[in-house]
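**Student:** Mind having a look at this structure? Questions to follow.
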Amino acid sequence: MKKRIDYLSNKQNKYSIRRFTVGTTSVIVGATILFGIGNHQAQASEQSNDTTQSSKNNASADSEKNNMIETPQLNTTANDTSDISANTNSANVDSTTKPMSTQTSNTTTTEPASTNETPQPTAIKNQATAAKMQDQTVPQEANSQVDNKTTNDANSIATNSELKNSQTLDLPQSSPQTISNAQGTSKPSVRTRAVRSLAVAEPVVNAADAKGTNVNDKVTASNFKLEKTTFDPNQSGNTFMAANFTVTDKVKSGDYFTAKLPDSLTGNGDVDYSNSNNTMPIADIKSTNGDVVAKATYDILTKTYTFVFTDYVNNKENINGQFSLPLFTDRAKAPKSGTYDANINIADEMFNNKITYNYSSPIAGIDKPNGANISSQIIGVDTASGQNTYKQTVFVNPKQRVLGNTWVYIKGYQDKIEESSGKVSATDTKLRIFEVNDTSKLSDSYYADPNDSNLKEVTDQFKNRIYYEHPNVASIKFGDITKTYVVLVEGHYDNTGKNLKTQVIQENVDPVTNRDYSIFGWNNENVVRYGGGSADGDSAVNPKDPTPGPPVDPEPSPDPEPEPTPDPEPSPDPEPEPSPDPDPDSDSDSDSGSDSDSGSDSDSESDSDSDSDSDSDSDSDSESDSDSESDSDSDSDSDSDSDSDSESDSDSDSDSDSDSDSDSESDSDSESDSESDSDSDSDSDSDSDSDSDSDSDSDSDSDSDSDSDSDSESDSDSDSDSDSDSDSDSDSDSDSDSDSDSDSDSDSDSDSDSDSDSDSDSDSDSDSDSDSDSDSDSDSDSDSDSDSDSDSDSDSDSDSDSDSRVTPPNNEQKAPSNPKGEVNHSNKVSKQHKTDALPETGDKSENTNATLFGAMMALLGSLLLFRKRKQDHKEKA
């Protein structure tokens, strides 16, 4: 083990340090001037930064413009009076004929099952706008398919002749999007489906407030039957239950009996009584003379009918009666097609039944890879409270296809606004949009629970993509999609007495070619009738065939410019992210904070070939603005990984020739935030308030847990086992507990300006955990010369990969030293321009004197260095 034979006094050592520092500084200053890093380069760098910033600002401005373009506005161009279908811009139209695929199903009423109504043609029109769409024709092949329950001859008609069917596709005017390159345009396919009819009766006195006695034990039911046990609720299917009842004993006015439905059935159908105390009035039970024998109500929550006798039964015996009531599916309790228990309790007597629901599939659309597909159902209409609300469920892209430029239109009418009581507007309509995780788990009944884990609400993502620019229409821009969505509509209708008619339309293109325009629509209608009962008018009707597909301009028109996509808002430059530690052998954690005007991101790695095992993990989160000029001529092999995300404001001139492995952490709110892991043989000159002149030779394996507040008052609580030779001229308050194999155990608290020469042979096997928190708000001048001639042979090569913001004095900027030639790639323009070397832009004539002066300074520094080395050699000798 090498020992320090001689050691200079503090004064001499201090002088030699300063002399060596001057020599090193002279070399650096001379080299700097010699190589001509002058003011002009700094100016050029600043100009380049300005240019870059200007470009960035311009890009931001362009982004703002694009954002403005992205938001559709009404009446922004002269073409806004044209219908959406006119915006197909059918350039390069295929001359081949395309099949017309029209599927039509049944419309229903809310009258009893025997009443049918024929719907109007299901052409998608908007009669609210004054402008008319240009009549256009396209040769297509007719392939019409009509499905209904009363006609089984679903014929497929195909002709070789070119049928020019001019269909008016009056979608909302001034659509906020444009379908470009319509190729192979599919004919709009509209499927008409009315939801189950509404079970509505004339307003009667509620029997819910029955105050008499439950006389279920005095009532006997008989001849129970269900009209049918299999039907399609999505095609207005329902059934009726009929039963006779006999009162076997005397009853009086106010007495009542009950009937209860199972979970799979409801008595109210799609009528919503949640705003009417969840109570539905039922038609009175009357005698042949028209006298009211009993009044009835239906409790929505308990699914219980209550029949309350009137004073007609007073003093009467052998009372007989019968009732027939419509029954509907419970969409929530029977969400899938299948057979369910339908056990009905009448006057405490159970009638066991089975009911089978064959829901027509909600997955419908154009049968081609990028065909539009959408369906909907009205699942609740408030007809009793006067609030005039309805609820609708819409399945968007239930086939889960890859679609481009997808738009969905939710309309409060079908063909003509004046023929529907629906109201769709920003004030009358509330939309909630959900993304479906697993399409196979969607219900067949259109019931969608917002709390279902299979649904993820994404309404906030569509806040700026829902438009109410057209009368009675909500337009939703889905864009390019691959998933299925559920839209829950809470709407209103007026009290004009018209049927509630709604329509949903989806249109899209092939996302790959931006062609192959496709459109598909779906109609719903609820017919409300007040009468002597309630029924689910689910009768099958033959709707008229919709007229053919969208008008297409036979003349090729130029391809429209693609719809601008919104540029992301310019985001502020992110904070510099600290580079990951490459796993140093050290573990110190410093959470320090300093106030800085600049940001330096130093990512340094050093490799230490030493016997000192420093296990530190330093995490310095400081901010400083370093206005410093530092020249580190170090030969250190440090196995350290310091990640400093710091901004230091230090006005220091440090010249370190260090051969060290130090694990230190300083948080300087003042002038420097240095986070190093090194074993230092350092000669540093820092402009600080404390002047520490120490020469220590430590052959130690120490881990220091120090908490120093360097206003150059350091309080070090260390546990070290050291073979050290230290000479400190410092203002230090050291509370040290050193355990050395050299028979010295010192627990001292000293404030010393001491000259200690310890030549000890100690085997230090210490393990200390350094958790230091140093807060230096100081101006310190540290002149230290530490020579570690220890068992840690640090013949090191320090590799510093740093990215720092440095503003040299006098506008001089130095290229960072990079011994190993590694490059740090930064994403910030400001950092790149400050670290990349720039070409010389100044006048060469101005650098002539600077070159001469630099050479002289370098020579002077070399002489001083040589003198120092010689003196050191003599001292060692």
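Counting starts with 1 at the first residue shown.
Even glycines carry a Cβ here, placed using N, Cα and C.
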**Student:** Scan 2-6, 272-276, 352-356 against Swiss-Prot and say which stretch is down as motif 'MIDAS-like motif'.
**Tutor:** 272-276
**Student:** For the record in Swiss-Prot, which of the ranges 15-26, 207-218, 231-242, 279-290 is the motif 'YSIRK-G/S signaling motif' one?
**Tutor:** 15-26
**Student:** Out of 438-442, 468-472, 838-842, let me know the one Swiss-Prot marks motif 'LPXTG sorting signal'.
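**Tutor:** Residues 838-842 are the ones Swiss-Prot records as motif 'LPXTG sorting signal'.
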**Student:** DSSP-wise, what's the residue breakdown of the motif 'MIDAS-like motif' (272-276) into helix, strand and coil?
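**Tutor:** Split by secondary structure, the motif 'MIDAS-like motif' (272-276) comes out as 0 helix, 0 strand, 5 coil.
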